[in-house]
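Structure, as structure tokens:
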Amino acid sequence: MEKPRRLRPRARPQCRGLMKVNLGDFQASILGTHTNARLSGAYPGRPPTFPALETRLTFNKVDLEKNPMEPRQQQFSLWYVLVTILAMLAIQTLFVSGHVETIPYSDFKVLLKAGKLKDVAIGEQAISGTFSTEGIDNLLAKQQIEEIRREAKGDHAFSTLRVADPELVQELEAAKVRFVGQPDNKWLSTILSWVVPAVIFFGIWSFLIKRVGGAAGSMMEIGKSKAKVYMQKETGVTFADVAGIDEAKEELSEIVSFLKDPQRYQRLGGKIPKGVLLVGAPGTGKTLLAKAVAGEAGVPFFSMSGSDFVEMFVGVGAARVRDLFKQAETKAPCIIFIDELDALGKTRALNAVGGNEEREQTLNQLLVEMDGFDSNKGVIIMAATNRPEILDPALLRPGRFDRHVALDRPDLKGREQILKVHVKGVVLAPEVDLTKLAGRTPGFAGADLANLVNEAALLAARKSKQMVEMADFDEALDRIVGGLEKKNRVMNPKEKETIAFHEAGHAIVAEHRPLADRVSKVSIIPRGVAALGYTQQTPTEDRYLLKRSELLDRLDVLLGGRIAEQLIFGDVSTGAQNDLQRATDMARQMITQFGMSDQLGLATYENMPNPLFAGTGLMQRERNEYSESTAQMIDAEVRKLLAEASHRVQATLEGQRTKLDALAQLLLEKEVVDRQDLDMFLSAKVTPMPPPKPVANIEESTATGKPDQKTQGT
């Protein structure tokens, strides 16, 4: 009968970094489940292959780091050396003898001659020993004797520096003092002279090794994408948080629908756009809308700035583009969002002067990746820019960023919706009217409205109010539009009178021009850097077209302040510089761009940028598309428009001289005249009166010589 063979136990292999699994886990690994479902955060957006095994797979943290059967090796640390040195110094301090009195060599000789020395140890540089404290009252200083007797009674230790004294030994022998030779104790200085340089060298060496190792690691990671990944609902933004841009939300809802149900479009043979370009002015909500799309679709969201691609090393930008798209393929369906695309996708230079080889190579790699990208993989590329005119045409062609979503500044209804979103966490007073506030903020983008609400809340908190009132919103609007109010400056009374008539001239002309915007406030309180006063006009509705008659009325309002100064004082000031500049620009646009000149006809005469410098970032030299004689005709037409406006304004102010004087007097008294006060003033019967004498003690800002700036409700 054959003996059963005895099985030898096999040597247990050392398996580092493996999972400790039971039989069920082993079966799961055979089936291909190598990833713990609970660690899916490392691979966001990818569901586990077998959800039923989610609770059965476990990692042994010790096994992942190191085999527990192996002894851990102790690593040498610089702290060991430092602790040892400190311990040695502590031992020396603790076990040293009692207090040692340091005395001059002359006192040592006095004690020797008086026979008070007990024993002496003579070293190379110092002499130490003990002496008797009895009968030394007249030998040492009184303060020193008191200190010695406080320390100890009887014999006391001393120390003194050795002086070249050849008769010292003879004197010690004559005094019958026991003395010995003693070498100096240099062990501490010797240790420090060896250990300290070694410690410094070791520290520098360790620091350099770590820096080199870190640099090597960073060099390996330099080509990796720097995109921030937000998983599913981590963006924290949905379409409910976006208001005032309903058209853009409707346009992007198709993207959300594709990411949620791609088969719906693929079944009919449709393909979702590969790239979506969000175009709009700063603050219109481009980045917010992209996050809302990712939050609605519930997919990973890769966020990266256009400037993050380019580094100081050549080729890094292209490598990061490749790595970004490679990561996106593994996380599909997902969204890649590139903010400030113009930093990366600027038009490639036509010549070698303005070329940027590294940026252009990065752009080329982006074009290649987008061109070879399969739109059915579920990866949507979104980008945002506020300068679409400088983007490379190859980037905007169909097949890349083939869908452009324009985000315009919100209209009246949109501004009201945006305000409702931003005031959700703000305690509002009952009289706050968001519709009225939206009407007073034409041209405000979403970021501007958010800033307005925040400023109003801060002003209310500064005044210790329990809720934000409408007055806080009015003050916040004035701060944003006109700048910080400066009441503490003392202004020359004559200059204050000039500013009052200047602003009154604007207001009177605006009230007598039916097509001009309505005056909402007139103030002679300085604001900001250069505004010594302002006349605020608020349009009653959003306007997208302006007629020639409306532009002429606006010209009249701009010249109202200058003509009022000339009419009242017979002289003009520098305060109208900004008015004249804006009036000249408006008149030139009417002639060169809008075709509103009878002499020049319907042709446009804009200065065109030189295409040689397009997209190079260099200063673009404008070239005229018309002759010198045409330029002279344009200048003549501009002067003609301004002269005609000046005559109309002068006629209006001369006919309303009484109201002009009265409104200026009212401004000198109240400093700020709102719409309610202005209506009462215009409806009241005004008696003619001479120009008012300004009050000298009214606090205002000093004359700066800078032009005043009127807010025209922009």
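From the backbone N, Cα and C atoms, a Cβ is placed for every residue, glycine too.
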Query raised in the report: If Swiss-Prot says H502, H506 bind Zn(2+), which of D411, D579, D585 does it name for the same site?
Result: D579
**Report entry** Among P282, G285, the most crowded of the binding-site residues [Cβ within 10 Å]
**Finding:** G285
**Report entry** Local backbone state of G280 (ATP binding site), from DSSP in three classes
**Finding:** strand
Report summary line: For T284 (ATP binding site), the number of neighbouring Cβ atoms whose distance to its own Cβ is within 10 Å equals 25
Query raised in the report: Taking the center of the Cβ atoms of G280, A281, P282, G283, T284, G285, K286, T287 at the recorded ATP site, which other residues in this chain have a Cβ no more than 8 Å from that point?
Result: L278, A384, N386, L407, A445, G446, A447
**Report entry** Under 8 Å by Cβ from G280 (ATP binding site), same chain, sequence gap 6 or more
**Finding:** K286, A384, N386, A406, L407, D408
**Report entry** Pairwise CA distance, A281 (ATP binding site) versus D579 (Zn(2+) binding site), rounded so that it is a whole Å
**Finding:** 26
Report summary line: Whole-number Å distance separating the Cα atoms of T287 (ATP binding site) and H502 (Zn(2+) binding site) is 43
